Amino acid sequence: DFLQEGEPTSARCDDLAALKSKGCPMEDIENPRGSKQVLEDREVTNRKIGAAEKLKPEAITQIQPQKLILKLRVGEPQTISLKFKRAEDYPIDLYYLMDLSYSMKDDLENVKSLGTALMLEMGKITSDFRIGFGSFVEKTVMPYISTTPAKLRNPCTGDQNCTSPFSYKNVLSLTSEGNKFNELVGKQHISGNLDSPEGGFDAIMQVAVCGEQIGWRNVTRLLVFSTDAGFHFAGDGKLGGIVLPNDGKCHLENNMYTMSHYYDYPSIAHLVQKLSENNIQTIFAVTEEFQAVYKELKNLIPKSAVGTLSSNSSNVIQLIIDAYNSLSSEVILENSKLPKGVTISYKSFCKNGVNDTQEDGRKCSNISIGDEVKFEIHVTANECPKKGQNETIKIKPLGFTEEVEINLQFICECQCQSEGEPNSPACHEGNGTFECGACRCNEGRIGRLCECSTDEVNSEDMDAYCRRENSTEICSNNGECICGQCVCKKRENTNEVYSGKYCECDNFNCDRSNGLICGGNGICKCRVCECFPNFTGSACDCSLDTSPCMASNGQICNGRGTCECGTCNCTDPKFQGPTCETCQTCLGVCAEHKDCVQCRAFDKGEKKETCSQECMHFNMTRVESRDKLPQPGQPDPLSHCKEKDVDDCWFYFTYSVNSNGEASVHVVETPECPSGPDIIPIVAGVVAGIVLIGLALLLIWKLLMIIHDRREFAKFEKEKMNAKWDTVSQEAFISLNTVV
């Protein structure tokens, strides 16, 4: 009885809140949660170099935990914490792979003593160090080498004694005897080829996959690739008629690669895969000329480094030490292929509080020996596997053999499915399994209770039971007819439901208000709103609450209207506003009653003569001061008034009406009359102003006269000077005539 009529059985599955809202008790809700279980959790190893305790490599632990089970429910991530700590005195295997083409002749002389010298230097890092040596030249077919018999015996020109060309040779498997390295390498001879790129990728592939012959242990594995030239890669073999892709398998016989003429060079991606699978970290020791090429290659190969090799390889030991420190100072997590629908994300907690997410969350840099870093890993199943089987994924730090094994178990069924009752009487005489409150029909049976046989059902006959009277629509076009019963469609929004015998009902096509179904104040049932208490209307948008209609005087709509849906409908046309209290053409309460209060309290005003006839409709009480007037907060609505009387004095009163409609007035018995002006200060101020203005005018007049007199005096002085000049001129003229 949980489902409404017409609802499909799948409607029993929903989110928790929806099931609760539909009335499903908590004890009847199955909601399994994901979990994690740690199966193996050895602590990371703490020991120092030179310690008396000698541990086997497999006894050293650098990553924790090692094995666990995750139970995943779709959409619910499970989080695991992973700890990594670089162990001190961790064993190292180093394989030196050298290009023995003719251009590396001087380099070979320096490498011959590399064994003991490198053992001595690496002894400062680990007490368990092994070294091996291999060499490569090129594929033994044209056009990479000359195939004439003489050139096959000695590919070098002149009197140079060179060994026959070869693709790859494992000279020395990994050993802890440095002297043996020197001895065997000292017996090696340079060879030669025709083209500049070398066949180094063939050699790297064999070193990676021939672990048994090389002697790799489950420890730190370093491959030093030394050359002064570029490299051939997949596709270049076609020049020699070799078209078969490299198979990525070991083909060493008597320590020689025997299939170089048969398989093409490996691709870079193929090398990356094999190096990663075998936890090999690569150090490219190349000359300055090819630095740019190998740095690009380094970007494609995780956990690899590039060092600049001097022209005669004299700096190779320091190059290896520097590259090893660089590689070991960074930890990068990688995971195996994930099952379909499973995603994984990382968050790193590195040194000095550096945290990262997404791709950078996989790695931590600048890690020293003994440092501990942590990772937070979130695993999420976005869908269930088709067969529901368990899956296993592995997470490991690149370049390390240790890994975390995670067994994924998927929660794809409810517990009640395993508790089903086969051939249950509840399913029409045992025609189905009753599980999780519903029937799962046996093969050949259909219907909600498995009451119909697929062989006996005539769809046209059954469709008649799924049509409403006088209608041609089957299940109102909102469902399908199964065994004469409508099974309604499910909508994308699980909160929207079709129901009813003919799927004619739904809970989302009711009237709306403010964009909400039933205004958010009711429940939509069969396209009709059922309103919550205190709401009514087709969209439940009419509130029965009268508090918004309450006027300031405590009356609903000020006694001048009706409250409808929480809004006042004013019946008096003069009044308006949300509570019918605004009247643009009305006198206020105070102005309306001031004349009557004035005549009754002070025996004056316009209604003095008619006071006894017009102003006896209220009870009046005199008080001594404004403080004695009634204050707001009393039960009856109250108005405080301040008005002027005929003598321009202010008088104060209050007006209120009680619940029985009786009006009461309280008035202050003594009006406040303004005092007359003080004449003396006014007269004194006026006189002082006149005197000051007069003095100011006299001073201005005096100043103007002084300026005028000075101008006249200056003019007089100028004219006086001009008169003196005229006298002198006349005397000079007379004396000049006398001489003549």
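Easy rule for this one: first residue shown is 1, then count along the chain.
Just so it is clear, glycine is given a Cβ too, placed from its N, Cα and C backbone atoms.
In TrEMBL, annotation is done automatically, which means it is predicted and not curated.
Candidates considered were CYS427, CYS452; TrEMBL assigns the disulfide partner of CYS439 as CYS427. If you go by TrEMBL, CYS540 shares a disulfide bond with CYS531, out of CYS531, CYS542, CYS549.
Which of CYS436, CYS450 pairs with CYS441 is settled by TrEMBL: its disulfide partner is CYS450. Listed in sequence order, the disulfide-bonded residues near CYS568 (disulfide bond) (C-alpha within 10 Å of its C-alpha) are CYS580, out of CYS441, CYS505, CYS510, CYS580, CYS590, CYS615. Fewest Cβ neighbours within 10 Å among the disulfide-bonded residues CYS531, CYS540, CYS641, CYS649: that distinction goes to CYS649. Sorted by the number of other CB atoms within 10 A, the disulfide-bonded residues CYS416, CYS436 start with CYS416, the lowest. When the alpha carbons of CYS599 (disulfide bond) and CYS615 (disulfide bond) are compared, the span between them is 8 angstrom. A 10 Å radius around the C-alpha of CYS518 (disulfide bond) takes in these disulfide-bonded residues out of CYS416, CYS510, CYS540, CYS590, in sequence order: CYS510, CYS540.
Sorting the domain 'Integrin beta subunit tail' (590-678) by DSSP state (H, G, I as helix; E, B as strand; all else coil) yields 20 helix, 28 strand, 41 coil.
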